[in-house]
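Asks: Have a look at this one before I ask anything.
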Amino acid sequence: MFSSTKDLLNDISGKARDGELVAVLGASGSGKSTLIDALANRIAKGSLKGTVTLNGEQLESRLLKVISAYVMQDDLLFPMLTVEETLMFAAEFRLPRTLSKSKKKLRVQALIDQLGLRNAAKTVIGDEGHRGVSGGERRRVSIGIDIIHDPIILFLDEPTSGLDSTSAYMVVKVLQRIAQSGSIVIMSIHQPSYRLLGLLDRMLFLSRGQPVYNGSPADLPLFFSDFGHPIPDKENRTEFALDLIRELEVSPGGTKRLVEFNKAWQNMKRSRDVGNETPTHGLTLKEAISASISRGKLVSGAGANNGTNPTSMVPTFANPMWKEMVVLSKRSITNSRRMPELFGIRLAAVMVTGFILATVFWNLDNSPRGVQERLGFFAFAMSTTFYTCADALPVFLQERYIFMRETAYNAYRRSSYLLSHSLVAIPALVFLSFAFAVITFWAVGLAGGVSGFIFYFFVILASFWAGSSFVTFLSGVVPHVMLGYTIVVAILAYFLLFSGFFITRDRIPGYWIWFHYLSLVKYPYEAVLQNEFDDPVKCFIRGTQIFDNSPLAVVDESVKARLLQSMSRSLGVNISSTTCLTTGADILKQQGITDLSKWDCLWVTVAWGFFFRILFYFCLLWGSKNKRR
């Protein structure tokens, strides 16, 4: 057996002070992002040894989540919200309900100015299909979302990645202003330009998970000069340092000598600085947080608390659950309303499918052939409601990634997201269901009148609900869209196969019968069949129609009549051309639909929808807590 354990970080220590902008540098694979994740408590405890302290006291995970923020490398934003709306929704989440709407707006406007986004405030974020703000502006919006509540500590994973030099400079300039406002700002950065170097207060160079320099940019020339590799004049100091580190990494001795020299140099520097350090006031963690709050930091509902535990000073969430649901619903509706093509495509797919079904199965009669055609119509119609839900998969996946970012640091509760997500989906499902039901019910000639239509509509709605919930659940499991589509198509095909249309329940092999009961198509299919055939006075096969689905269908009617008389004499029963031989109940029995009533089938379909929503919640719960190992 080979051990899969690998040390990504080793023997790293350092300090970051409020008011300082600290950068972690190194080549790709040096451990920059891993260190940021370790400091931000995004690595599983069993995989990490060491401590992170604030004012000399070890930080609890819950407290760190509340007083800090983490800006991911990718900009995960709703594309059709403006910059101002995006920050305003963030303010609604992160700022307490006790803060008035006007004060929240003032905070957003001040932040827009702080981020240098005034000219882009009314511009939508945009995506591949919609023109929006620039890459640098998107990055600053991402930062703004996470600093709306003015956190005490801010972590950023390569905030300048993918930006041109001007945009990168503006982003780091914003981070410098945030640090100067009294926050601790720690970021990873790949290779800063000369201009960016002047904005940094402290630098930590890593090589294969070990520190090779820790100090201010001003001390960098002296450090490498003492190491025996002076930095040439007019050369970028960070580029020289990174190039030298790369050269040492591929040399026989690696960077071991540089690591040891850094330790000795740091010890020498500490001994030289003894007596010159700025004296600390020895504040406890609780006192330090209180001092930060009094200076305007951490606007998240924190207040005075006489307890000794710093964690009790700040609430886990800034707002109650109902408030979170209102804001989440409003944001989702606003974003969706500006992309009407998404709903338009779904509606068009449903209406076109309904129109095709209505014209293919137009005005079915009550003959044996009409019975078979009804069975085919119901099987296809019920499965269609599930397939048309699959086009929402990309939207659900996009929302999932945004959710992961926002809930990682307690912007809102997972349950609030689940409930608002479900409630917002219902109006669209009602509209789609009604459109499909109206197009198909009377055109196909289904039975039951108004009451039959109402039940048919509810079954369609329940099917859309279950299908939407199933796709929502998959969006919490699959990593990307194409895999999601593949799984949806495959599983729905299996659902249709085992629904009872192609093979009845009593003919399904025992080792597959479990899939019959798991099939989402089974229950709405059986519900609409019972709605159609559960009329005790309606007859579907009379007299000579019994021969219609046999080779005798082509013989003359007089021959059929004589055959019918012969059968009557043999059975001792009077069978005429008007005698009803097959009722709706007989058809249901032939299809094996005897265990659940139509209302039971409806409620089971609805229950499947709730079941998949609950599974989706646990996927979100597991995914948001899934840390690096």
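Cβ from N, Cα, C; glycine included.
Under the heading domain 'ABC transporter', TrEMBL lists 3-233. Under the heading transmembrane segment, TrEMBL lists 343-364, 376-397, 418-447, 453-474, 481-503, 602-623.
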Asks: Averaged over the domain 'ABC transporter' (3-233), what pLDDT does the predicted model reach?
Replies: 87
Asks: Applying the under-8 angstroms CB criterion, which one of 343-364, 481-503, 602-623 scores highest with the transmembrane segment (453-474)?
Replies: 602-623
Asks: By a Cβ-Cβ criterion of under 8 Å, what residues six or more beyond either terminus of the transmembrane segment (481-503) are in contact with it?
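Replies: Distal contacts: 375-376, 378-379, 382-383, 386-387, 390, 393-394, 397, 470-471, 474-475, 512, 515-516, 518-522, 525-526, 591-593.
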